[in-house]
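Comments concern the structure below.
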């Protein structure tokens, strides 16, 4: 077998050598770029020694291998193998290849970890960060295949030594190898990623116990023996098995990144063999989007390949050939089976042939320009994340700073938190969540079970006081839960008053952490487990928490009260983890009997672990004290049997471990005697001095603070619910009004008990004739007109671009991302965001709310979308389309609009593609560019009809349609509307001009003449950015000086199409559809000063109400 292996590697060796010579710019893989590994990442460690095999690694998500699916465990060996079943003892040592078991071998050799010579780590990882990293590697190698793994197996051989046998080779003394194998699996396919870092392979041969000589390592895959009774050798693939090819593993690649090799190992395409990646065949399949007189493209044409004979048929995905002997597989073709184009002098790329014995000479095939495809849906394409791409991960009240290894967020002055989550200092906070439990009380064999129980907490931050209420707790367990003040105490720790140099839980975690606690009651059997998940601040500005209780608690008689003395607790901090433990006493006073109330003292032991993520990139950030003391000065617990509410109230501060009473502890800010308003922050000074400062959103001298604005709706709601700190449950029959985010009455009000709904005016009064029967909601008009944005208070020229903003532009079958800093194009940071070679992407639009990009595709045709944060792209519309071109988005009303130049119409739909409605299907010839003015409710579009080109406008509901510009136009293509300057600008490929006007005002301005062939345009403030077909570039225009100021030409010189601004923060403003869908049952279409409720074309109308 070894002789055959040696013969089979020759062709692959030549492939490696030639690819190395032709490798483009870029360094080798560094060890820091490996997948995270080690005990700190959850890895198990293989027992040290020679020829070791791990216990079965049970997989939570099965993987696929060759033609098998449902493989739910793997085994890891010292000798560079991941086995699909437990290897027989006689096959553990190298020299038996192919083995009888399924095997993935990134570096099959006799390796040794005896006496601590290196380590082997392994784990299954389901975390989003690792699965996304694996997806990026796979899509770099197979850009035409959408793939999002749900499970990743990571195996790392770190600094392993060669087995040298009885006579040690002095040349291998001290040599160590480090490499990694990653198996990534989705429901339908599995891929292997081999990573060989620079200087990671220091030896290429090891001593063979079988041959008693030095033999090269092997990179291979084996299907294993096949058959139930009569076993036969399954298919296997050897990719490297001599010194030269092994030595080039870290220097070359089949995926476009040196040291990274990607293989498809489990899918319908791999039934007869593993398919290696080769990005060299990632040819551009997009048919050119011709000049204005193109015919709609429904199928991509294949080039004539008659001038370039193909010397060896490359095995593709799903090809029927089967080999059982050793062989080298050629890269697969794209699904369209496109053949190479005629040769050019620009790029010469090696293509290894599919090989069976006898071997044929290696051929070099000339192909047309080949691009190195970028990573699909990545925050960035290197391993260092920056503020430019991640500003959205910071709070709007935080600043983002880049460091050598990544970025960190930190709250600005006046706010506190971890930077990802920030709240105003001294401001009261609310915490909402759900509680579920399965609790055994006393000796009862039947647990008390409760689900979906509400938890509400109110925090007076500047006093460190927290009030927590858990509603609808059964009486059978309510009294017995009274000692568990730590359920609400975690909220007290989060907002404890901070002494100088010490941090409460929110400052450390931002309210994003997991807490698990264990309570053992002294003298009682069993224990209680508390699990809590804190998920940060929701869209209402409230912290969210989920709590689960499970276990045993001692029985406390009905009607008893519980008293807990003030206590202290030490919190021990290490990176990402906080632990604490303590003993606590509580006194139970039973209900009065014969004039006396029995009282007993009980105790429990308490320990907890809090895990969270923190930013480790800022070297200047001061370390937290390793130990902090939480002081709980007062504890109040109560169970109300009538309301079935469990209440906990605590007063908390955080500081140093106390021994006596240092002077610092006497500061009124720390001991709660400061007298500041509950909506103010207490600022400690030297000694006992302090100042009071009203929280953001309030005004006053700090002793008395009043809310800057309090609406009638908010006052009515507080009057009904009470303002004692916690939400009380609504009594049956009680109506509580709903307020919107600005404090105004929601236009539609509903009664929680009767289910009836009605419309109200701006003062909350019911509008006659609008009340509906239970279960229906009337379409109500907003109670207050949204603010109309009249432009900025500062000149447009100085409006800053939100950090983290970038341009997105389409280039046939892909979408590129080009970051902006100020108005400057960050050309070196340009990356491919989406690679879809089977598409011809024309129009682009961006949703700044959900961070989604939308596009039109004329090849299928279809309309699709994808999140900038990652995940699979999805097609939202593919029916009844001709040639969709321009696309626009109303981020306030949550609708998309598009033009179709083949069907000659303009349509609207919801963001998920549902509820389609045709707005216009008359007087259109070649509609193309389209844009919205979301705040005013206007729509604008171009029609490049050669006989009568025009720019039109209407309201978003399709009414008030009129021609805006008709004179002196040629081929108006793209247009853009800037909300800050209220200016509409367009580019014209016929007149070669860029022009602007303000709708509603006479006159138009020629910004720039002499453009080459502009296609699409977008804008922000005084800067416009357009794509040009002749120069294949993105160009920046400064409106203030009417000049081109910057230009970007992608590496791949093909035609550019749509361009849009991907803002990291949405512009300010509202329209009548912003809240509650404008009260509409289906489509809400904004108009100036109002809105129209419309039904989709495919709805019969029985459940849809149209209303203006």
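Backbone N, Cα and C define each Cβ position, glycine as well.
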Seminar exercise, completed: Matching 297-350, 351-404, 405-458 to TrEMBL annotations, region 'Disordered' lands on 297-350
Exercise. Near residue 757 (disulfide bond), which residues of its own chain have a C-beta under 8 A away, given they sit six or more steps off in sequence?
Worked result: 748, 749, 750, 751, 771, 772, 776, 777, 778
For this session: Looking only at the domain 'EGF-like' (665-706), report the model's average pLDDT.
Result: 73
Exercise. How many other Cβ atoms are found within 10 Å of the Cβ atom of residue 750 (disulfide bond), counting all protein chains shown?
Worked result: 18
